[in-house]
Amino acid sequence: MKYASFLALVGFITSTSAIGVSGAAEGFAKGVTGGGSATPVYPSTTAELVSYLTDSQPRVIVLTKTFDFTNTEGSTTATGCAPWGTAPGCQLAINQNDWCKNYQSSAPSVSVTYDNAGVLGMTVASDKTLLGSGSSGVIKGKGLRVVSGAKNIIIQNVAITDINPKYVWGGDAITIDNADMVWIDHVTTARIGRQHLVLGTSASNRVTISNSYFNGVSSYSATCDGYHYWGIYLTGSNDLVTMKGNYIHHFSGRSPKIQGNTLLHAVNNYWYDSTGHAFEIGSGGYVLAEGNVFQNIKTIVEPPVGGQLFTSPNSNTNQACSAYLGHVCQVNGFGSSGPFSQADTGLLSKFSGKNVASASAYTVAQSRVPSSAGQGKL
């Protein structure tokens, strides 16, 4: 009996000591440590998870199950609108801040019933690591918010799903706004009402998004075709964003939209299957795209480009990257996709002196990303 107890104790210690962040952030959030060497904690209830995320202590928070927030804060029935029609596959809109009245005044009014927990995500305080264990760490019905000066945060190997998918303004999966040093890695998002990822108008500074799976398959969409429109929105006033090794699948727009004052390094990602556009670049959006794969993307970048774009068009032009990124930029790969050729070399100097992610040939992303991105793929 004592021997069996000893073995159980050894097993627990081994399991606990093995918990930790896998790898390290590349690119702009290089050096992020999250909760560091804090003793791991294992929430068992939604309330306990919220408490660990919001307190002032450095934390390593390990998720070993699904935390379902559905119905934890009740529901609301109200009058919304139907900007894209009332067909079964069309999203409806919650009238948040009189959005229907101010922006969709001609849309018919409809009754909407949504889950309150999804509308506003959980706040994540500074110095936190949020880790999923294996394929078990799931947050359902509520997102995460890194805001109000929060910094030094790692979110790894977690799935965020089912946030009022029928309704625009039903909630975002991950919000970052007025933050710094945030690393999102091996995260899966699916069936989200609004944005899968949004960086708000305040400065979010240094952010790396890597090896994540943004899944746009949905029963409801603004384009009424099962392709989610509200993908990734980067609109901060002073943002440096690295996107590397992500799988961006089944969207019809905003994947990503970039504006404000945002420098995006999109490297070795895989865009697959879009009925609309991938990039939407507004004023103040600066995008360098290299070593990516675009497969079945009808419109890679929506015209006109309001900011600046360097698409790494050919080996000769790509030599210009060396002086600022420390490597020759890699060409992108295309299959059944629209054109993507622009070379605003002036934006390259913005990378000078910064932590820049390495780049591989697009064939590496083509072979690895679909099978390695997202939760449970560490």
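Just so you know, glycine gets a Cβ as well, placed from its N, Cα and C.
Among Cys224, Cys321, Cys329, the one Swiss-Prot lists as the disulfide partner of Cys90 is Cys224.
The Cβ of Cys321 (disulfide bond) lies under 8 Å from the Cβ of Leu288, Glu290, Ser312, His327, Val328, Cys329, Leu348, each of which sits 6+ residues away along the same chain. Local packing around the Cβ, expressed as the count of other Cβ atoms within 10 angstroms, is greatest for Cys100 among the disulfide-bonded residues Cys81, Cys100. In this structure, Cys329 (disulfide bond) belongs to neither helix nor strand by DSSP; it is coil. If you take the Cα of Cys90 (disulfide bond) and the Cα of Cys100 (disulfide bond), they are about 16 angstrom apart, rounded to a whole number.
The CA atom of Cys100 (disulfide bond) is located 18 Å away from the CA atom of Cys224 (disulfide bond). Contacts of Arg254 (active site) defined by a Cβ separation under 8 A and a same-chain sequence distance of 6+ are given as Gln195, Tyr229, Trp230, Gly231, Ile232, Tyr233, Glu280, in order along the sequence.
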